[in-house]
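S.K.: When I checked TrEMBL for this same protein, it listed these features:
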- Glu25: active site, proton donor (ACT_SITE)
- Asp158: active site (ACT_SITE)
- Cys222-Cys251: disulfide bond (DISULFID)
- Glu265: active site, proton donor (ACT_SITE)
- Glu294: active site (ACT_SITE)
- Thr383: Ca(2+) binding site (BINDING)
Amino acid sequence: EFEEARKWVANHLVFDKNVDVNLFESTIRILGGLLSTYHLSGDSLFLEKAKDIGNRLMPAFKTPSKIPYSDVNIGRGTAHPPRWTSDSTVAEVTSIQLEFRELSRLTGDEKFQKAVDEVMKHVHTLSGKNDGLVPMFINTNSGQFTHLGVYTLGARADSYYEYLLKQWIQGGKKENELLEDYMRAIEGVKKHLLQRSQPKKLTFVGELAHGHFSAKMDHLVCFLPGTLALGAHNGLTADHMKLAEALIETCYQMYAQVETGLSPEIVHFNLHAQKGHKDVEIKPADRHNLLRPETVESLFYMYRFTGDKKYQDWGWEILQNFNKYTRVPTGGYTSINNVQNPSNPEPRDKMESFFLGETLKYMFLLFSDDIDLINLDKYVFNTEAHPLPIWVPA
C-alpha cells in the first residue's frame, strides 16, 4: 500500500495549479503529512514535495504586518484574506510553526522558520489577551487582535495553545517565551473558563464573551487533556495532569451520555441540577458528528502516560459506536447529522480526511502497547496527527 501511495505522489501529486488553498489546512495536512512520511520512510521524494509546497505557501506571509493571509494561490504565487474580512484566525496563523520550522531544519533554508517565528514573537507582545487567553481574530494589516473580549478554547483559538507547548518541546525546551505563554494561558483557563456541571460535577471548559460565562464546549476542546498530559510528562506542574484526568472524563461523558454514544459537535453543560436532566444538553443545531479525533487523541496521550486501561476501554467503546452508526456498507465512514437518533442518525455521505489522518491513527496507537510505535520522547505530533521529530537537545 505504501508503494502504491508513493507512486501516486511521484506521478500525480502536482502543486503547480491555479487554485486557492487555505494556508493552515494545507500546512498541517499536506506539508505536515509529507514531512512526516519523509521521516518515517527516509525517502527523499517526500522531502522534495514538502519543499515544493512549502515554497508555494510562502506568499501568504507578504502582508503589512507579517501576519499571514488565510488563502494562497499555489500556482500563481498570490495570497489574499477571505472575501469578507482582512482578518486571519489566530489559531490558523499560530498553528503552522512546527511544520515550517522543521522544513527549515531539513532544507537549511531559514526563510520558512523566520516567517513563522516572527508571527509567534509578534503575538507574544500583543495586547488584548486576558491572562494569557487570546481573542479569535487578528488583522493582517495592523497586526492587532480584533473582535476583542471573546475567549474560547474551541474553534479559531484551540491549536494556538497546543502549538505553544509543542514548539517548546520540538525545539528541545529552550524557547522560554513559548513556555511562558503556555503556562500563563493554562492559568487563564483555570481562572476564567473552568466550571463544574450538575449532577455529576464534570469539570469543563466554557467560553467567556465580554465578561459573561457561557457553559458551552466544542468537541474540539477535547484536545486539551492530551496537551496538558503531554506538558506534565515533559516536566510541567503535576496539577496539569490532574486537570487532564478530570477533563478526559468529561470528554468521555460527552459520548457516553448521548443516545448513539457519539459526541455532538458542541455541548452545553447544566450548571444547576434539574430532575431528569443529565450534565450534557445538546441543541438541535449542534447535534452532528464529523468523526472528529480530539477525544481519541487525548485518550491516546492519557493511556501512554498513565497506563490505565480504562482509556483503552473508552476508546474501544467509541470505535464500536463509530462502527455501528457511521460505517457505510459500501466502504468508508460518514459524518452524521443527529447523534441523538440511533434509529436514523442521518448520514451525510461525507468523510472528512481527518478521520483517516487522525481519528483512526490515534485509535491504532491507543490500542497498541508498543511505546516505540511513535515514541513521545522522540516525536511530537502536529495538529493533524503527523509525527515530527523532536530536535535532539544540543
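Each Cβ is built from the backbone N, Cα and C atoms, and glycine gets one as well.
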S.K.: In whole Å, how far does the CA atom of Glu294 (active site) lie from that of Glu25 (active site, proton donor)?
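M.R.: That separation, Cα to Cα, works out to 16 Å.
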S.K.: Around the Cβ of Cys222 (disulfide bond), how many other Cβ atoms lie within 10 Å? Please give the count over every shown protein chain.
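M.R.: Cys222 (disulfide bond): 29 neighbouring Cβ atoms within 10 Å.
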S.K.: Highest Cβ count within 10 Å among the active-site residues Glu25, Asp158: which residue is it?
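M.R.: The residue with the most neighbouring Cβ atoms within 10 Å is Asp158.
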S.K.: Can you give me the same-chain residues 6 or more apart in sequence from Cys251 (disulfide bond) with a CB-CB distance under 8 Å?
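M.R.: Same-chain residues close to Cys251 (disulfide bond) (Cβ under 8 Å, separated by 6 or more) are His219, Cys222, Pro225, Ser263, Glu294, Thr295, Ser298.
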S.K.: When neighbour density is defined as the number of other C-beta atoms within 10 angstroms of a residue's C-beta, which of the active-site residues Glu265, Glu294 has the lowest density?
M.R.: Glu265
S.K.: Between Glu25 (active site, proton donor) and Glu265 (active site, proton donor), what is the CA-CA distance rounded to a whole number of Å?
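M.R.: Just about 19 Å between their Cα atoms.
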